[in-house]
Amino acid sequence: MANNNSFKNGGVKTKSISSSSSSYSSGYKSKPSVTSGGRRSSTGSTGNSAGALHKDTPGVSGRVRVAVRLRPRNTEEQSTDADFADCVEVQPELKRLKLRRNNWDSDTFEFDEVLTEFASQKRVYEVVAKPVVESVLDGYNGTVMAYGQTGTGKTYTLGRLGDEDTSARGIMVRAMEDIFAEISPETDSISVSYLQLYMETIQDLLDPTNDNLSIMEDPKSGDISLPGATLIEVRDQPSFVELLRLGEAHRFAANTKLNTESSRSHAILMVHVKKCVKERDGENGGKAHMSRTMKAPVVRKGKLIVVDLAGSERIDKSGSEGHTLEEAKSINLSLSALGKCINALAENSSHVPVRDSKLTRLLRDSFGGTARTSLVITIGPSPRHRGETSSTIMFGQRAMKVENMLKIKEEFDYKSLARKLDVQLESLIAEHEREQKAYQDEVQKIRLDAKKQMSDAEKSYKDAFEKERLKYQRESMESIKKLEVQLAANQEKQGDKRVKVGFKDEGVRSSTNAELIEAKKLLQNEILLRKAAEEEISNLRNQVVQWKRSEATGNAEISKLRKMLEDEVHHREKLEEEISMLQNQLLQLSFDADETRKQLEIGHGVDMSGEMGSLVSPVRQQQMAYSGEQKGSVAKLFEQVGLQKILSLLEAEDPDVRIHAVKVIANLAAEATNQEKIVEAGGLTSLLSLLTTSEDENIHRVAAGAIANLAMNETNQELIMSQGGISLLAMTAENADDPQTLRMVAGAIANLCGNDKLQLMLRAEGGIKALLGMVRCRHPDVLAQVARGIANFAKCESRASTQGIKTGKSLLIEDGALPWIVKNANNEASPIRRHVELALCHMAQHEVNAKDMISGGALWELVKISRDCSREDIRILARRTLSSSPTFQLELKRLRLNTG
Ligand code: ADP
Ligand code: MG
């Protein structure tokens, strides 16, 4: 693991200080080079379409950093040790600490940081924890841990809330302040667990009823998680401080109950930071092909663990301070296992006993794993505790040799991509609909306008034409009349002239001539008028032709618009096709995402072992502890989101999508574990409504199958009934021809028949009638379900009668089921026969039914069952039933008499 780097010798106990120890501040405070190099390359490659889980950055070595903090003398030490010199001497500028052996000799140790008794809480945070917190925000795991003898300041360093004096705030509070400053509430999230480990038992400090949490280890990836631990999402600093306070209160209460004190237990704070990596591209602007350019956002999941260890003095003092040996061993187990692991890692030993204790299992990623780890060891100045101080220092020195390989935890967020796609799809559909509507309105308006113009023009033309025509008709009639009068007068005059021939001849001729000229003039006038009229008419005719022409162009325009409309309709159909394709893709995506996630996790594990080699492999499993821990809840969430999506597709326009979605639901409903989720998500209601809204028998069949599966559970049965399920199923049964559909419907009703509470309602809503109606289809599978339903019903009824809840005849008899029952008591198919036999036995147990059963021929069937049934239990039941009924006995006696 760490055979190649310069930190290796840093911090080895040394008398002649010559090691090339790294500078704590330069190597630690500045952001690690990994962060820039590794991160940049990783976000740049957004991976293949399958979506890469963690980026394969090779991991960067990061040694465990150790700081030592010296507590000032306390009041007691000030008085009791007044005459003695402190056993330690600090040289912060040299990052050295001297531990006095005796008056003339001391050992010198180097650390990454040496914090004097005057070091402020702010400085301690900045050198010990801040770099770890920054790494967590960059997507790495990080650990801050305090180790030391009780009373040396571990809790002071990590856990002070600083209520009265903000400068006293400890690492937990300051770390969270830094985290809140760096995240954006819309995209990122922080959740917190707080635990106590005492005598190898993990207690939930956020929920004291969880007093024995177990560590789960993913058998494949080796990820560690605490599935039972309360995980609270915190949104601001005050609520986080409140959580810490609550945890402390619970810790105090738990320890009082266990009769111990907090110095004997380990407190572990876990902070999960999920941070979305900002998208840098503007490529998603265009709407076209968005399904192809859309990328899943990258999220980084860092986990910060802060551990306030139990007092280190316990290790060597088993049995001291009032503990039994067992108790002491147990208290010390985790701490000594941690020491052993650190020794093994420091010495590059091939076996690291990680599994020896709960603490080492929980901190698997912190030592020898992928986390950035910082340890603060706390010591006191008193010479009386020189032994403890020395062993604390040695622990710190060994921890400095542990090398981790830092790895970024990054993955694609498919769910938010799916949500985004969904939103875009919706808006596309809405926009398309809007455009379509506007276009249609426009076409309609143009059409109406054109029509109106045409009819107006036509009307005004007709009116004008008619008026003109009448006018000229009238005028020409008048002219003709005038001419006729004139002509008659002329002819008369001509007659007179012929009689008076002779001397007057000249005079007469001249006067006649004048009249003729007059008549000619009139005639010419008339001719002119007629011509003008004719011209006017031809004018009007021309106008008519023109109108006709413009009407033709109008028609051409309309047909053009019509063509455009057709094109548009075609375009719309294409878009709808694309939408349904997108919906299919989305569905597919939802299903694939989980698969992909799993596969990628496996793939990642293989890569890791290749890189890290066998030495690290026991530790490697810890590397993905966080993602493993999340996995349970992610799967749950995913299912819920996926389910909602699928349910919404039940209403899709495309029948293929719909049937696909129903089939998926039906498949899910076949598994008991999914049923509750389906019902919770409203799936039952959707399925029931499909029975009325859809006309597709395939959908009816599959939906009824899903309902039948859901109807196996008592709560669901009540829900189905309360939502009018029986009427819906009855209606479906009535309209269906396909035996498979009928089988599903009958199966669903048969399940409902087995519920004692629903008997009356089921019958009142026609459940029994519906069952009997389905026997029209002779398919044995359908008949078997009908028989099962009847048997279930008879059984419940019999129970109710026995308990005195029910009086009166069987409702099965009331509803006319007996003839079918009797007829099928000998059915060849054993599933049918068996159920019918049971139904008969149940009905026969109550005297009220006896008369009807005798007259319906059921007694004879019962006798046959009691003799011939191949199942002994039914045979015995029939026999007992027969012998206990006085009515049956009487009848049998009579028959025997009759038959002789
Ligand atoms: P631990 O958790 O290691 O048992 P505590 O944090 O409870 O120790 O500290 C023991 C006592 O010492 C407390 O009263 C605490 O206030 C005090 N103390 C510890 N460290 C310092 C320090 N650096 N400066 C002042 N007082 C301190
Ligand atoms: Mg403490």
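In case you wondered, yes, glycine gets a Cβ from its N, Cα and C as well.
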Range among 354-385, 418-449, 450-481, 866-897 that TrEMBL annotates as coiled coil:
418-449
Cβ neighbour count (10 Å, all chains) around THR150 (ATP binding site) is 18
Please work out the helix, strand and coil residue numbers for the repeat 'ARM' (641-683) from the DSSP assignment.
34 helix, 0 strand, 9 coil
Out of GLY148, GLY151, GLY153, which has the highest number of nearby Cβ atoms, where nearby means within 10 Å of its Cβ, if these are the binding-site residues?
GLY148
Other residues, Cβ within 8 Å of GLY148, GLN149, THR150, GLY151, THR152, GLY153, LYS154, THR155 Cβ centroid (ATP site)
ARG71, ALA146, TYR156, SER263, GLY311, THR378, GLY380
What three-state class does DSSP give GLY148 (ATP binding site)?
strand
Could you check which of the binding-site residues GLN149, THR150, THR152, GLY153, LYS154, THR155 have their CB within less than 6 A of ligand 2?
LYS154, THR155
What binding-site residues among GLN149, THR150, GLY151, GLY153, LYS154, THR155 have a C-beta sitting less than 6 Å from any atom of ligand 1?
THR150, GLY151, GLY153, LYS154, THR155
Secondary structure at THR155 (ATP binding site) (DSSP, helix/strand/coil)?
helix
If you draw a 10 Å sphere around the Cβ of LYS154 (ATP binding site), how many other Cβ atoms fall inside it, taking every protein chain shown into account?
28
